[in-house]
Amino acid sequence: MSRNSGTTLEDGPLHADPTTEAPNNATVTTNVTANDENTEKEVDADAAAAAPAEAPKPNQGFRFWAIVAALAFTALLSSLEGTIITSALPKITADLGGGNSFIWVPNGYFLATIVMLPLMAQASNLFGRRWLTLISVATFTLGSGICGGANSQAMLIGGRVVQGFGGGGIALMINIILTDLVPLRERGKYMGIVQMVSAVGAALGPFLGGLLTSKSTWRWVFYINLPIGGTSLVALFFFLRVAKPPPTTLAEKISRIDFSGNAIFIASTVSVLIGVTWGGAVYPWSSFRVIVPLVLGFFGLGLFVVYEWTVAKNPSLPKDIILNRTAATVLGVTFLHTVATYWSFYFMPIYFQAVKGETSFWSGVDTLPLFAGIFPFAILGGMLLAKFGRYKPMHLIGMAIITLSFGLFSLLDQGSSKAAWACFQLLFAVGAGLMIAILLPAMQAPLPESLVALSTGVWTFVRGFGTVWGVTIPSAIFNNQCRLKAADLSDQGVASHLNSGKAYQYATKDFLDSIHDDATRRQVVELFTSSLRTVWYVGVALAGFGWLLIWLEKEVTLRSKLNTKFGLEEKKKAAKADEDVESASA
């Protein structure tokens, strides 16, 4: 088949390639790149450079851009909520009480965002993308209302869980819909656009949370989502018109859902996240209350894989995804990339507060090169993928830069200049940004388009799981290093705070200001600096392992045309009209 055969998604009716025959029930056709058995095709770099294939552009009419804009606005909604709670949480806890249960305010949201991903991915194939997206936004908005009106910690946590179900659905459906609308080679570019808008919400969150809490009430941290969610619902309702799956009975659709597998997955994931949430915050990591949930959870996840591959009739985790070398490798790289990204997100602010002695507000300002710098490079990475059709070189370059950046972070101390810490953060942003929007297209490259939804669900879960460990691992390292070094402090009263395994909570300007003896304060700053240095050293090892792992990827030719049942609805109607005209002419 010719590389440019098939149909393109462009204005006007779709026309089939006259050299090919399409079955009567064909969907939007494509130039499938020789992957009937999920085999992978190495790209000859010299040949690719000599004769680059030009990917046809997706439809860029009003409907297309309206959908992209609506998805970006919806991403802004969920990303804003992910960070706005951080600066408001102390005030919320003071008003509602609840003791140690406050940790479930952020973690309950996160837990809910990932446990339903495989089920929702499978359901999107059976019930279509549009209504699941609308339900996700509505659920998120409902949860925001519950949180805003909460009169107890339990009600607030319940509202956060409802929010999380919606937020997880939003993240998943945005990625799935983008894969439906644009060819594989073009996806990174549009994912970069959506993620850049999402970054605006993530960057504004802490500032808005502090502003609303100080000028009004913490309840507006949640109420602000109501008009945003309502606007998003209206935009999606009118513009998100994508094709529906083939009509079947409700009973038949329900029978094709992997309820047993998803039950195992949900229970196992909850168990793991309970252990992670309690570890080091409520109980020591050595406590059986932490170890037992972790062991049961990881055992359950292994059982889930076995069940999916041996028993499930309609698995939500098909073998083809995990047993494909490149897809599995990219999943591993995605996990490590996410861990590294959140590693820096959570511990660069610690450097500014615990070493440089800055307030949380100014540490937020000083980390702008990191937070805001990633996403312009995400767009650049997507554009380079669309231009050259190659992801492995950018993965290698990106992870190498991340590894180097962690090494440079280890050089930072109290006397480091603004130029040093700003440039080091920006360098990390270049590496992380180049990769962030092209990981999903790389993972889907060797897989058939029929696995788009399920593979997106798996990839989104791996990213979410990486977020957990991107905070947990460096926190455990930092707390342990502080505990070991606290014995050398001259003031044992100060040492008692840092050797309890909760040093992360004391890595603030307020804690430093509470130490009146200058010599002790200098000792504590050096303790924090040394402990952070170890955190960055481990980050170097982790990112270096990720760089080595990338060499297992194969460079698979990226499909430049769509092959989906869920493209723009109007285009499918136009294609059907063309078929009717051709039949009448015949």
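Using the three backbone atoms N, Cα and C, a Cβ is placed for every residue, glycine included.
Quick look at what Swiss-Prot annotates:
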type	residues	note
COMPBIAS	19-36	compositional bias 'Low complexity'
COMPBIAS	46-56	compositional bias 'Low complexity'
CARBOHYD	N25	N-linked glycosylation site
CARBOHYD	N31	N-linked glycosylation site
CARBOHYD	N324	N-linked glycosylation site
REGION	1-56	region 'Disordered'
TRANSMEM	65-85	transmembrane segment
TRANSMEM	101-121	transmembrane segment
TRANSMEM	164-184	transmembrane segment
TRANSMEM	192-212	transmembrane segment
TRANSMEM	220-240	transmembrane segment
TRANSMEM	263-283	transmembrane segment
TRANSMEM	290-310	transmembrane segment
TRANSMEM	330-350	transmembrane segment
TRANSMEM	368-388	transmembrane segment
TRANSMEM	393-413	transmembrane segment
TRANSMEM	420-440	transmembrane segment
TRANSMEM	458-478	transmembrane segment
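Within the same chain, the transmembrane segment (263-283) stays apart from the transmembrane segment (393-413): fewer than three Cβ pairs sit under 8 Å, each pair at least 6 residues apart. By the count of Cβ pairs under 8 Å, the stretch nearest in packing to the transmembrane segment (368-388) among 101-121, 164-184, 192-212, 290-310, 330-350 is 192-212. Contact between the transmembrane segment (458-478) and the transmembrane segment (101-121) is supported by 3 or more Cβ pairs under 8 Å, counting only residues 6 or more apart in sequence.
Nonlocal intrachain contacts for the transmembrane segment (290-310), taken as residues 6+ away from its ends with a CB within less than 8 angstroms of a stretch CB, comprise 258, 260-261, 264-265, 267-276, 278-279, 283-284, 316-319, 322. Between the transmembrane segment (420-440) and the transmembrane segment (101-121) there are fewer than 3 Cβ pairs closer than 8 Å, counting only pairs 6 or more residues apart in sequence, which means the two stretches are not in contact. For the transmembrane segment (65-85), same-chain residues at least 6 beyond its ends with a Cβ under 8 Å from one of its own Cβ atoms are 92, 105-106, 109, 133, 137, 140, 144, 163, 166-167, 170-171, 174, 177-178, 181, 190, 193-195, 197-206, 208-209, 221, 224-225, 228-229, 231-232, 235-236, 239-240, 568.
For the transmembrane segment (220-240), the list of distant contacts is 63, 66-67, 69-70, 73-74, 76-77, 80-81, 84-85, 88, 92, 129-130, 133-134, 137-138, 140-141, 144-145, 147-148, 159, 177, 208-209, 212-213: same-chain residues at least six beyond its ends, Cβ to Cβ under 8 Å. Over all protein chains present, the Cβ of N324 (N-linked glycosylation site) has 25 other Cβ atoms lying within 10 Å.
Proximity of distant same-chain residues to the transmembrane segment (393-413), defined by a Cβ-Cβ separation under 8 Å and at least 6 residues beyond the stretch ends, is recorded for 333, 336-337, 340, 343-344, 348, 351, 355, 381, 384-385, 420-421, 424-425, 427-428, 430-435, 438-439, 442, 529, 532-533, 536-537, 539-540, 543-544, 546-547, 550-551, 553.
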